[in-house]
């Protein structure tokens, strides 16, 4: 069925009535970079007042949930750490609850402090963060060895990536087939102002190619993140709506999870791409999340 | 035709008579790590005394040709810088002679000092080597910009790889479609004692994935390296023999260039793999390069 454009007040009332929980992508929906999208805070307030559960779903693994709460606060939006579901947190929850990761083992992290802090918060030792400070060359590389205590290699966006980290992750994955290979997300690029830069899905390719192994990818649009969210909040997919600006990540993510979806035009997708018959078919679309704020008037 | 096993003195005499030039892979043929293969220096001496031209062909771009001469000397083998054809040197020669690279522009190098020194030796400015010392994060990444003076991104093995280098290479390749994308080689892994580690062909995958561009790969088994060698030494492929220990790089490299090939058993390939009908078919094979030393007796 073709996506339904929401326009009238009754359309928005009907949307809010139909769902108990709204999952939100953040960049392009609630803010763009460090600028809040007009009306978005008021729309979130309205949904809260109507008793809806809000979950903010982000592939960004560089920040911890506490860092995210601070970002929301700076933009004048109240949010709780429990409402934030980052790919780093999803990775930690997945290792603890789904894999039942042996906490006598540790995770080798090629990623930022967000991943490390979330793993540690669920009782999993994380290592690797200090390794980039050690230089490496053709001789000292021989000291990089597989460690039988490494039970998982976890990759995310890593501004501090180094050959030593990559080599250490590689030997653990190559020498120990039981070592899990998990990626927080596989975004090819990362927006950074005027340009795009390599995303964690690109950094990950070093190890995919060198080990010839495929990682389990947690983040949108992949299934593990959705499984974690549905399980964590005991959600009924039929009463849950995913709101996003990207068809190939957010909307596909919602569709794959059996959710309804709302695509907004304040980010990447435009109306033509939403209506293209070969695109993931959103349930609804509207100009901006701010449109819902009209219900408060 | 199935590979011919060389055994008798007459076989080796015939081999030496048939060719004016021998190209050699080094690791697994002349040495293993830092141990010389028995008889290899004597075999090289014999070929020199018979007036043969010797060329040492290596995908290792970390070292300059002068560094290589020193490695040969430490192993008791005399070699001239002009006899050494590394993928770093091939890249420099290719940019100068084939591409006729505009020397008003510069090359951004994600690679070691071997690449930088070889580029500078042919008059091409190389940049990037100082970038890993600068930290980077989500805010400072905005300072990473495309530079219209960067005419090529050159990637090799880089023990000093960093997100800043990768981001800088990415924006130059993504924003400027005229910027050349060249890889010294695409070896998936790199031997380092007990383990294999990610090779430059694996590091390269970050930019291949993030930019969706394919690099021109210089090193074995690719054609550009062979073109450079044939042109540099004015070789007749019919009178040239490639000696190596790997079927999928060295022997394939020789075959693709129209050369005869000699596979030795002192490295990666064993007799069964050499005789496998779906393997690149070497012209000859023998236990070791040292076998040729018998002709000196």
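Backbone N, Cα and C atoms are what each Cβ position is placed from, and that goes for glycine too.
Any TrEMBL annotation is an automated prediction that lacks curation.
On a predicted model such as this, the values are computed, not experimentally measured, just so you know.
Counting only residues at least six positions away in the same chain, the Cβ atoms of A:57, A:58, A:220, A:242, A:243, A:244, A:245, A:246, A:249, A:250, A:267 sit under 8 Å from the Cβ of residue A:25 (Mg(2+) binding site). As annotated by TrEMBL, Mg(2+) binding site applies to A:25, A:27, A:245.
The active site, nucleophile feature in TrEMBL is assigned to A:25.
TrEMBL lists A:27 with the feature active site, proton donor. Counting only residues at least six positions away in the same chain, the Cβ atoms of A:33, A:58, A:191, A:245, A:267 sit under 8 Å from the Cβ of residue A:27 (Mg(2+) binding site).
Residue A:220 (substrate binding site) counts 29 other C-beta atoms within 10 Å of its own C-beta, drawing on all protein chains shown. Residues or ranges marked as substrate binding site in TrEMBL: A:220.
In this view, residue A:245 (Mg(2+) binding site) is surrounded by 24 other Cβ atoms within 10 Å of its Cβ, with every protein chain counted. Each residue in A:26, A:28, A:29, A:30, A:244, A:246, A:250, A:264, A:267, A:268 lies on the same chain as A:25, A:27, A:245 and has a C-beta within 8 Å of the C-beta centroid of that Mg(2+) site, without being one of the site residues.
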